[in-house]
Amino acid sequence: MGNETSLPMEMCSNFDADEIRRLGKRFRKLDLDNSGALSVDEFMSLPELQQNPLVQRVIDIFDADGNGEVDFKEFIQGVSQFSVKGDKLSKLRFAFRIYDMDNDGYISNGELFQVLKMMVGNNLKDTQLQQIVDKTIGFADKDEDGKISFDEFCSVVGNTDIHKKMVVDV
């Protein structure tokens with residue numbers, strides 16, 4: 001990877017050239033079939049993600065072009081959101097996108113249910129989970145349109161330190 005590849009990466013990420021080189025090495029190690037893109041299985045070889053119930057959602061968000069794989073540019077842009085230099089708003093937007101599965105700018109009752117179901121599995125009955133979803137929507141949905149906008153999401157989680165936990169070491 002020469003300078004011609006890393007310079008645009010620096011411009012579209014929170015990483016400097018050395019960090020991009022290190023990430024490039026990590027990417028190439030993960031790219032087991034040398035295809036230039038990471039499949040879901042290759043992503044799952046990351047120990048940090050193996051136990052994460054939301055790994056598929058993370059991959060979906062990283063996969064900007066929706067082709068089912070994450071190329072190096074998508075990888076850099078995705079991981080960049082978890083950089084210590086990443087800003088709070090970007091981290092909140094990423095967290096919001098985990099829940100906004102259809103990417104329409106809102107978290108619906110059904111989307112919140114699906115994501116929470118991924119997290120809790122069968123530890124709660126669906127009726128219990130639905131009660132939590134309904135209460136959460138009722139609490140966060142200030143304009144009472146039945147869904148949570150990004151602004152409403154930020155009103156609820158923006159005062160927490162969630163963005164400080166959304167950091168990976170490069």
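A Cβ is built for glycine as well, from the same backbone N, Cα and C atoms used for every other residue.
What you are looking at is a predicted structure, and each value in this text was computed from that prediction instead of being measured.
Within the set Ser35, Ser155, Swiss-Prot records phosphoserine at Ser35.
Most Cβ pairs under 8 A with the domain 'EF-hand 4' (128-163) among the ranges 18-46, 50-85, 87-122 are made by 87-122. Every protein chain shown contributes to the tally, and the Cβ of Tyr106 (Ca(2+) 3 binding site) ends up with 19 other Cβ atoms within 10 Å. The binding-site residues recorded for this entry are Asp31, Asp33, Asp141, Lys147, Glu152, and the Cα of Lys147 lies nearest to that of Tyr106 (Ca(2+) 3 binding site).
Sorting each residue of the domain 'EF-hand 3' (87-122) by its DSSP state yields 24 helix, 2 strand, 10 coil.
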